[in-house]
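Data block below; observations after.
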Amino acid sequence: MLVSDLVATSERVAALSRRVEKIGALAALLRRFSPAEVQIGVDWLTGRLRQGRLGLGPSVFAEARRASPSVAQPALTLGDADAVFTEIARASGPGAGGERRAALAGLFARATDLERDFFARLLAGELRQERLEPVMVDAVARAARVPPASLRRAVMLAGDAAEVVKAALLEGALGLQRFSLQLLRPVQPMLAQSADDVVTALSELRAMALEWKLDGVRVQAHKAGDEVRVFSRGLGPVTKAVPEIVEIVRALPVRSVVLDGEALAFRPDGAPHPFQVTMRRFGRAHDAAALRAELPLRALFFDVLHLDGEDLLDRPGSERTAALRQVLDRSLRVPRIELPTAAEAEAFFADALAHGHEGVIAKSLAAPYEAGRRRGTWLKVKRARTLDLVVLAAEWGTGRRRGLLSNLHIGARDPAAGGFVLLGKTFKGMNDEVLAWQTQRLLELEIGRDADTVYVRPEIVVEVAFDGLQSSPRYPGGVALRSARVKRYRPDKPAGEISTMDEVRAIHAGALAGEAAEKGQAEGGGEELEDDG
């Protein structure tokens, strides 16, 4: 298949507003994939690369564009481009950077303008398809003529969506029957949608339980006899990084079990370390024994998917919790209350925050375990943190946001140096009316632009909600926002009164203060890490 065909469908799907139209367009494309193109195409359409991150940034894309003119007649195939991405991923050692740039330049020399734009967004992780994955499942189901529920279940159990999609497209419903829960193979995790507060969650779910929401690393632990394997939320193996969790699970008095939970590092005072600190245990290269002594982990589990030969996925949440209590001591389970009143729910939420955690998750007592975010099953409620920041630039949108300035570059005031410091980007929290207004207003403030971005005078103030801060060498202030979203514009506030970098650094330092106190004069410096969500 030509890349141009996939790009055209991607653009069309992003521009469509009706779900049924998106499904139809994707299904028509999926039927045209060859077996070798299934994984490539599905990954690209949902904004992923099977090769993982390739370490290429905007300057490399700009250099590749300048190196040669684009072509007018599309000829690149999915296999052609995928082979180049594999070449880039394999480049290593001295001169690897030059090899990657040369490979990308060669690809861009064979691509049209639209294909170049698509590749740049795909490689930068900025190919946003309005949460396309749930739509993709329904599109595959239509293309393969299989029930969507059967397909979703197979994807959850297999972990590898491409394998399931290929089976569905080539073998239909019969091909899906071979997928089942297998010990020592990860299952795609169940996720939570957001709710504004615990009272809202209580009214939506009614018969529910509340659990503390921990800011740790999601882990899935499998035991089959004496063998134990642990996987991350992304289904990658992390067994070697967490020997203490392996020991705990291996010692359980059961023959086989699959547990879902969180791994956290705690400070001596009992408060949890920030997510970034816990993530040091999961770095690419590390001495697990040394890190264990320096930063021990605890596992707190909240679900059980299999127990002694019996799969529990289809059991209601209340029954899975009962099974979990039979297997695990209270010290290994996430704190939980069931059927709370509104007052009890508020108190439980406050208690979670007081212990240094993110908030709570409300869970339906009747819900089975299903991968992804399912409406009416799990709802997360977190304490909202906000900063008043200024808009420094905005990127042109794609798909249904084409022609509108969408992705805002936002920054804080730096009184010491003068001016403003970029803290992050966000395209979240803006409806169509706000997008239209901000496009007009930002263009009035334009001071320059490049191919994708309009730079503006720093005058417009926005209130931004965020989940946390992380150290980041990619940003000039060394700190970046996590999960930023616009709450509202602040026309009442001048840019000279917005949040300062001192405030931002104080928030970040406060989160890391426990670690600094514990390590004293210890050597510092951590790598930039990302929340696994």
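Placement of Cβ uses the backbone N, Cα and C atoms for every residue, glycine included.
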Note = Listed alongside Glu211, Arg218, Arg233, Phe302, Arg374, Lys380 for ATP in Swiss-Prot, from Glu262, Glu319, Glu344, Glu346, is Glu262
Coarse DSSP state, helix versus strand versus coil, of Phe302 (ATP binding site) = strand
Inquiry  = Going by Cα-Cα distance, which of the binding-site residues (Arg233, Glu262, Phe302, Arg374, Lys380) sits nearest to Lys213 (active site, N6-AMP-lysine intermediate)?
reply    = Lys380
Request  = Would you mind pulling the DSSP three-state label for Arg233 (ATP binding site)?
outcome  = coil
